[in-house]
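What follows is a single structure, written as structure tokens, with notes after it.
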């Protein structure tokens, strides 16, 4: 599965759709809809 909002990540690929891996290593909104 994918990592949901505020979940920990290593790369953008770890995160669910419309999320990206922020520099503090959690998934946040990537600005897309």
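Cβ atoms are placed via backbone N, Cα and C, with glycine included.
According to DSSP, residue 2 (disulfide bond) sits in a coil region rather than a helix or strand. Residues or ranges marked as disulfide bond by Swiss-Prot on the basis of similarity to another entry: 2-16 (among others).
Sequence-distant contacts of residue 9 (disulfide bond), defined as residues of its own chain at least six apart whose C-beta falls under 8 angstroms from its C-beta, comprise 3, 15, 21, 25, 26, 27. DSSP assigns residue 9 (disulfide bond) to coil in the three-state reduction, placing it in neither a helix nor a strand. The annotation disulfide bond is assigned in Swiss-Prot to 9-21 (among others) on the grounds of similarity to another entry.
If you look up Swiss-Prot, you'll see 15-27 (among others) marked as disulfide bond. Under the three-state DSSP scheme, residue 15 (disulfide bond) falls in the strand class. With a 10 A radius on its CB, residue 15 (disulfide bond) counts 24 other CB atoms from all the protein chains.
The Cβ of residue 33 (phenylalanine amide) lies under 8 Å from the Cβ of 18, each on the same chain and at least six residues away in sequence. Look at residue 33 (phenylalanine amide): DSSP puts it in coil. Here Swiss-Prot flags 33 as phenylalanine amide, drawing on experimental evidence.
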